[in-house]
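Annotated features in TrEMBL:
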{"type": "DOMAIN", "residues": "9-89", "note": "domain 'Cadherin'"}
{"type": "DOMAIN", "residues": "90-198", "note": "domain 'Cadherin'"}
{"type": "DOMAIN", "residues": "199-313", "note": "domain 'Cadherin'"}
{"type": "DOMAIN", "residues": "314-418", "note": "domain 'Cadherin'"}
{"type": "DOMAIN", "residues": "418-536", "note": "domain 'Cadherin'"}
{"type": "TRANSMEM", "residues": "535-566", "note": "transmembrane segment"}
Amino acid sequence: FLFVLKLHSDLDKGVGTVKYTLSGDGAGTVFTIDETTGDIHAIRSLDREEKPFYTLRAQAVDVDTKKPLEPESEFIIKVQDINDNEPKFLDGPYVASVPEMSPVGAYVLQVKATDADDPTYGNSARVVYSILQGQPYFSIDPKTGIIRTALPNMDREVKEQYQVLIQAKDMGGQLGGLAGTTTVNITLTDVNDNPPRFPKSIFHLKVPESSHVGSAIGRIRAVDPDFGKNAEIEYSIVPGDGGNLFDITTDENTQEGVIKLKKTLDFETKKAYTFKVEASNLHLDHRFHSVGPFKDTATVKINVLDMDEPPVFSKPVYTMEVYEDTPVGTIIGAVTAQDLDAGSSSVRYFIDWKNDADSYFTIDATEGTIATNELLDRESTAQYNFSIIASKVSNPLLTSKVNVIINVLDVNEFPPEISVPHETSVCENAKPGQVIQTVTAADKDLSPAGQWFSFRLSAEASNKPNFTVHDYRNNTAGIETRRNGYSRRQQELYFLPVVIEDSSYPVQSSTNTMTIRVCRCDSDGTILSCNVEAIFLPVGLSTGALIAILLCIVILLVIVVLYVALRRQKKKDTLMTSKEDIRDNVIHYDDEGGGEEDTQAFDIGALRNPKAIEDNKIRRDIKPDTLLFPRQRPPVEDNTDIRDFINQRLQENDVDPTAPPYDSLATFAYEGNGSVAESLSSIDSLTTEADQDYDYLSDWGPRFKILADMFGEEES
């Protein structure tokens, strides 16, 4: 144990009556006290970086009474630092860069080491920096840790990567101090300090004469040791011999110069070309202009190789003309192709068939002459476009193609005709010399420049005093009136034959009929009506007035129809009076019945319809002079028969003191005056059907036989 300090009370006589106690930070764990002597010891090692001080409290108490002899005392134990921590680079290892060719002292990077020892006590935390590896290229400030370049003009192309070992030592770098190290990886970044250089001064290329325009025929390359954009090269052709036939571009991936063909090559015309190519940097650095021009030049020699080429036509396109209806077999032109190779092979021609239109022409395989194969019609097809193929006899696979355009010239075969409209109108109040229509003409033939049309009346119409044609000499004409007024009642339509001639050869003409309709117009010449029906209307009667008259007629017809219908309805209501002078309402039917055997003549169920009974509340009879007051009748219940209905009405009239002595009944099967059976009304009948005797029906004859059988069966 390490002795730290000793506590002593003035009341302690050394006889063992005083006891010392310790409390606070680390009491019992880090520090302990001898209860008799008051000695304090550290029972384990202390670390200032972990805890720099401890606050403790001590007290002296009586052993017997356990009472404090003095007040509690507080004291602080500070841990004294020793150099037990080396400097550490918390951010290491480091990565840095610096441009190549930088001057001495160029800033690279600053490193920093941290020492956990107490910086206020001694030199334990005072750090000094030094380079263990990386000299003589770089240096470091011992106090600040700033790394700088130590050599001028360090070249990236010579060495690009550097690894520097940095040491940080405490105790001010003195002997016995602790040290820590870190590495710094330094990269030299590129600058454009090197011009491009061709590896050789002359480049030889061989190009076939059959190479296509725009194709790449060769590549050359200049070398630039720089990197990235500083190594980008631009190639150009120096104006000179053959330079206008070629072009050069830069391949961005390989930085090569790609030579392309701008025009076709011909071995028979020129066999070799020579020109110069210049390579230069795109991005220059003004700091290195003194090094020299950042470009280089090389010579390119191109040898043209002779190839077996297809025939060459004398023209890129052939245009020919032929009149329509030209006889079959007529030669209209020729094409010419030539073999320019040294062998000069013969050439054969044929048409490149693509559609049926190509069959209108043929070509001589040897001479190249083109002739018609069918009759041509310009109105059907005005132009033909097809291809002619020429091939070498020595090598039929080598062919060339040319377009041939044949324009079909027009022959005047169609007469001109009047353009729409073919119909016009004239006012009844037209004056002589008034232009009612301007007409133009159209011709299906191809009208050459300067063609014109003439207009005139036909010979049979020239003597009629109705209309005339005025030719304006500008391919138009006017239809003019020759009379003072026209009448629709006399003639509604006029047909005017107009003769039109063209100016081509041979002259073609046609007679066109203009239809002229006579119309009614106002004083300003505005057409009011051209309808045929309007001729028969009275003069001055407007359309509104005509509609009003028709509406009045329709109203009168409706009134007459309603009147006739009411008259017919009144005739149906006929009053029939029995010999007892009982007035009944009789429903009369105009249809003829089928006699006694007709049991379907009338549906008696209508009398049993309660809704129909309720609706028919007004008595249909010949009313007497006495004024009747309306009376409310109770509705008839459902499923009532005729007898209940009649008894109810009879009861109602019997108890009504205001009712005249007559019944309002619907009487059926009324036999008429003088009938042997008299009335069949149930008013005077017996109270029940059982009291009735129907035997007398058998005495009435065969006409009542069916009725007698019916009531006889009920009685039995």
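Using N, Cα and C of the backbone, Cβ positions are placed for all residues, glycine too.
Applying DSSP to the domain 'Cadherin' (9-89) sorts its residues as follows: 0 helix, 33 strand, 48 coil. DSSP states for the domain 'Cadherin' (314-418), grouped as helix (H, G, I), strand (E, B) and coil, give 5 helix, 49 strand, 51 coil. Per-residue pLDDT, averaged over the domain 'Cadherin' (314-418), rounds to 88. Per DSSP, the secondary structure of the domain 'Cadherin' (90-198) breaks down as 3 helix, 45 strand, 61 coil.
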